[in-house]
């Protein structure tokens with residue numbers, strides 16, 4: 001149960017962060033997640049929490065690295081192999097050597113292997129943290145790609161270096177040849193295991209895809225288990241589990257490119273699931289960092305002010321050294337890919353700027369903290385020397401790197417160019433839906449089917465979400481159109497065609513019902529006022545039945561029967577009027593729909609953004625018409641999938657025309673195309689489910 005409660009609290013932390021960040025949009029999300037993690041550390045489950053590195057690597061880092069690997073292609077890895085090696089190995093080793101020498105020089109009581117262990121811990125970088133902190137600014141493409149490729153493999157480099165340092169601490173000696181051999185065995189062995197396991201799993205998945213009716217029920221569970229299986233397998237052979245899952249991810253990218261449009265349902269479902277898992281795990285990473293900070297704080301308190309200031313100074317010095325190494329490497333590196341990333345020759349000023357951005361973006365995250373906590377309590381039958389100090393320094397470097405990036409990058413980088421606003425998206429979506437609704441109104445004769453499809457289309461606008469903010473029942477346009485529509489109906493009721501077709505009693509009765517409805521005032525009441533009016537009406541209804549002795553169902557039926565016998569002529573007259581009302585109501589529905597369609601058509605032709613009120617007026621009158629027909633819970637008609645496909649095609653046509661004529665940018669069109677695809681897929685799935693239940 002403890003594991004269940006732990007997972008539940010972590011997910012609550014992720015949900016809470018998504019709610020909190022709406023109120024603090026300028027604060028980078030990682031910092032909000034860390035604060036939420038600190039708050040969670042005070043709960044009983046997370047008190048005295050200490051990060052378990054093996055569990056963290058297997059359950060958090062492995063699936064994230066597997067997903068990162070899936071984003072890389074064989075062709076890209078082959079093309080960028082030299083720069084990947086330089087970024088993930090050469091730069092990482094150079095940084096570790098410089099940091100180790102500085103730490104050994106400043107903290108003279110630390111041995112060189114101990115200092116190298118600290119250097120290995122702070123080697124891994126976190127590209128996800130950088131993306132989160134630069135979400136509002138425009139990160140140069142070359143720098144962004146360099147950071148992504150660096151973080152893809154330097155975790156493994158740091159782990160191997162840490163393993164070497166711990167081996168030297170335990171054995172008391174170091175062999176360069178043995179060290180290089182161990183490095184190659186761990187790195188190359190992990191990559192080979194990942195590639196072999198990846199191809200085996202891809203073969204299994206491909207055979208299942210082409211040999212089963214519903215492959216997703218097998219393929220997706222295999223996909224979810226893949227990073228855990230591969231990581232565990234590689235670690236069992238003493239190789240790098242991180243490199244193994246990255247290599248397997250790259251193989252899976254090859255599989256996706258090979259399948260392309262084959263088994264699209266499997267690929268779409270798998271991508272959606274993995275995207276959701278990635279977002280949650282990336283958030284949990286920072287929450288765990290926040291949960292771990294109080295433990296580090298307890299270590300800090302025990303060290304005293306002098307000790308802390310000394311470690312803080314060392315942390316700042318190490319951060320400056322890492323910045324310098326990264327800047328010098330980016331500035332001086334003459335690799336062809338590096339020239340592309342950092343614009344080496346064409347613009348010296350831009351080259352210096354990009355090198356600075358790359359250096360400052362070397363953010364360290366929870367991977368560094370996990371490696372720090374992985375330090376053993378004892379080594380060579382002695383207590384691990386200065387373990388608490390190493391953990392504190394690693395934590396301080398994490399916080400310093402995150403703070404510096406969060407402060408400097410938003411200042412140094414330009415704001416992202418916004419091609420469209422949220423309002424543009426909502427307005428275009430509304431026009432798209434209204435255009436499709438008009439086309440449906442013109443092409444489908446059956447009013448029940450037409451209304452059902454239009455209601456479904458209107459739900460794309462986010463009806464419930466914008467009900468009170470957008471609807472604005474007190475607006476002049478809304479109330480004006482309500483009254484104008486009501487006047488239109490009254491004028492139609494007294495037209496020659498209606499007076500010739502229906503009796504005066506039917507017309508007068510319909511007009512009385514219309515006048516009693518108080519269309520323009522009902523929705524001005526708040527929800528509480530509506531509840532009050534409803535309760536008041538029910539009270540009058542119940543009071544009348546009690547006073548007239550018609551409480552039970554039997555008494556009410558008896559009373560109606562008695563009244564019908566005493567007023568036979570009136571009953572027959574009312575039945576005739578009721579039949580006429582229903583026929584007249586159908587005619588009014590057609591006229592009102594045509595009237596509102598014309599208004600909406602003119603609004604779209606004049607490119608007016610504010611026409612949402614027309615849809616709300618239509619909705620209000622639809623309720624009124626159903627009240628007259630007494631269809632409070634009418635059954636939804638059966639609609640074929642062809643009609644929905646036709647409706648969504650109208651939306652496609654509108655977006656395509658708006659995009660081709662330059663009315664909306666391509667980025668906005670892409671968002672709406674994706675929305676239409678998802679809406680169409682969901683609608684067709686629901687139709688298939690209904691047909692399956694009815695069959």
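The backbone N, Cα and C atoms fix where each Cβ goes, and this holds for glycine too.
TrEMBL: automatically predicted annotations, no manual curation.
Here TrEMBL gives transmembrane segment for one range in the set 150-172, 334-356, 357-379: that range is 357-379. TrEMBL tags one of the stretches 183-208, 417-442 as transmembrane segment, and that stretch is 183-208.
Looking at 228-251, 444-467, the stretch flagged in TrEMBL as transmembrane segment turns out to be 228-251. For the transmembrane segment (357-379), the neighbouring stretch richest in Cβ pairs under 8 Å, chosen from 6-24, 31-49, 83-104, 272-297, 303-325, is 272-297. Counting C-beta pairs under 8 angstroms (sequence separation of 6 or more), the transmembrane segment (303-325) reaches the transmembrane segment (83-104) with 3 or more such pairs. The transmembrane segment (228-251) shares more Cβ pairs under 8 Å with 183-208 than with any other stretch in the list 31-49, 83-104, 183-208, 272-297. Within the chain carrying the transmembrane segment (183-208), a Cβ under 8 angstroms from the stretch's Cβ atoms is held by residues 156-157, 160, 163-164, 215, 218-219, 222-223, 226, 229-230, 233-234, 237-252, 254-255, 259, all 6 or more beyond its ends.
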